[in-house]
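Have a look at the structure below before the remarks.
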Amino acid sequence: MGVALIGLIVYLATVIVAVAALRRNIGESMLIGFVVLCLFGGTSAPSLAWSSLVETALNPLIFSVTAFVFMGILFQVTGTINRMVAILNSVLGRLPGGAGYVSTVASGLFGSISHGGSANAAAIGSVTVPWMKRSGWPSHVAATLVAGNSGIGHVIPPSPSLLLLLGMSSVAPFVSLDDVALPLVVAAGWVMLYRLLIVYFFVRRNGITGLDTASLEPFGQAFRRGWATFLIFLGIAIPLVLTTGPAAEALTGYIGAAALESIEIILWIPILMMVISALLGLRSLPRRPREVYHLFERTAPQFLSVGATVVFAFAASEVLATLGLGAELGALLSGFRAQPLVLLLIIGVVIIVVAGPLPAAATTATIGGVSFTVLTQAGIEPAPAIAALLIFASTEGASPPSGAPIYIASGQAGTDPVRTFVPLVSLYVVPFLALGVLVGGGLLPITF
């Protein structure tokens, strides 16, 4: 076993111990793990740490990931998510278990905006858990559903995990956001279909009924009040349309190919989405200095945690690449002489284990690039390989005992988190491992 592999094992163990045993937050834990990892560079440790941090600081993805966190905050502060859920509830709420379907679809919509598992559980659960309990959902089942759904945003482009993966030196030369955007939407569709089937299973097993129609807002009223919230998706559509397909060809004639290629859509997507979200909820935004101060005071810990996690996770991936992790892991996995499906299964298990204590973005930054290289060298196409990796990492919120969304959803439902562990593993973690293998192996097609 080489230095890089030993370093990876020690790095992961350090982070897990810091989070689980020392009770440090994930940002601090990633910093500690980064420092320990750099020591494997020997006398070159200081220069290795510095060069990796410089490389990370110059990466536009760092801004993009942090911007999506702010995007999620705006989505909640402006009440956009509440208006969107009201529309869904007016359509689906009358179905048996309708509140569960609303919660699942809303998690997908919110996940396409904020992508973070904890933010998803906090925002969607606060609205839908009371509705689920009122319509007969057992508390622990409602918590299981919200926690299990919280990771869907990692599969929907352009998630931070995807952007981190596309920015890696081992991935960027082979695939771009344009190449994987549509396949990942299809992959997210498979994932969403399975989640809806789980809702149906819960409804039948627990004899859950629909919401009282008297408590539902009429569709026309809900739509008039909230239709504009769906304009938020223009923030994704506009940059993609302008930089791909016929629109890109037309623009090339006016501004030139070099100017068009200089447009960083990973920067403009969150910027446009933030602007649209702010405009939609302009009346709800704080205006007085004290209100602005309280908003930043309340949300600063999220930025600190996410920022530190992303910076040190990405820096650690740079250190691992310098130490030669790609070659070592490739040699190790190739030693299995395994078929692509077996490699997918092995890598899926590794990612799910790592994603238990770590956020999906940190997991992707740590071992995503190496995993991509191994899978593509085994003959798996880039888009299915990336989709599989993101599906594996999306189990972050459903992996007991460390997944933060589990405790967020359990607190909202007023239930013991331990009661959610077995159903989360059996209905979410293991099936998503299988889904990732099927998608990566081409048995569930995402490219046509």
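A Cβ is built for glycine as well, from the same backbone N, Cα and C atoms used for every other residue.
Annotation comment: TrEMBL describes 15-435 as domain 'TRAP C4-dicarboxylate transport system permease DctM subunit'. The transmembrane segment feature in TrEMBL is assigned to 6-23, 30-51, 57-75, 180-203, 224-245, 265-282, 303-326, 338-358, 370-393, 425-446.
The highest tally of CB pairs under 8 A with the transmembrane segment (6-23), across 224-245, 303-326, 425-446, is held by 303-326.
The stretch from 30-51, 180-203, 224-245, 303-326, 338-358 that makes the most Cβ contacts under 8 Å with the transmembrane segment (370-393) is 338-358. If one looks beyond the transmembrane segment (338-358) by at least 6 residues along the same chain, the residues whose Cβ comes under 8 Å of a Cβ in the stretch are 12, 15-16, 19-20, 26, 313, 366-367, 371, 374-375, 378-380, 388-389, 392-393, 395-396, 399-400, 402-403, 429, 432-433, 436-437, 440-441. Looking only at the domain 'TRAP C4-dicarboxylate transport system permease DctM subunit' (15-435), the predicted model's pLDDT averages out at 80.
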